[in-house]
Amino acid sequence: MPELFAYTDGACSGNPGPGGWGVLLRAIEGETVLKERELCGGEAETTNNRMELLAAINALETLERPSKITVVTDSAYVKNGVTGWIFGWKRNGWKTAGKKPVKNVELWQRLDLAQARHDVTWKWVKGHAGHPENERADELARAGMKPFKPKKARA
């Protein structure tokens, strides 16, 4: 049975500013990549955290059937949120421990729903540290952002 991995990343030029998200999906058997799919998208005015969340959401939502998958992210915000903080937020009616509304609540709710139909293992990796699949996800995120970046004026 092949193993399924989603390598996810978000990018933002300014925070807020134009941003993009990228996903590298891989089905692997042993050392052999059986199937690979790349996804990306972006927004004109966003934040890095929103793009990191959208990368994970799109990775899970694109799967056609319930799957066992490892989602690899360089975002401690996403990893800590989905494996820890989210349980308290849900218990507190989507409020933080300080009784403030959770930032990006609509995306956290969407991620919660997206992961519910899968058996997800979440893994954090250090970003920009030479991890080839994470670097590819970063390239995809920057490609997703590109249409939303202002064009540089030529001198």
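Backbone N, Cα and C atoms are what each Cβ position is placed from, and that goes for glycine too.
Marked as Mg(2+) 1 binding site by Swiss-Prot: D9, E52, D74. A coil conformation is recorded for D74 (Mg(2+) 1 binding site) in the three-state DSSP classification, outside any helix or strand.
Residues or ranges marked as Mg(2+) 2 binding site in Swiss-Prot: D9, D138. Using a 10 Å Cβ-Cβ cutoff, D138 (Mg(2+) 2 binding site) registers 22 neighbours.
Per Swiss-Prot, domain 'RNase H type-1' is recorded for 1-146.
Each residue contributes its Cα atom, and for D74 (Mg(2+) 1 binding site) and D138 (Mg(2+) 2 binding site) these two points are 10 Å apart. Local packing around the binding-site residues D9, E52, D74 was summarised as the count of other Cβ atoms within 10 Å of each Cβ; on this measure the leading residue is D9. Cα to Cα, D9 (Mg(2+) 1 binding site) and D138 (Mg(2+) 2 binding site) are separated by 5 Å.
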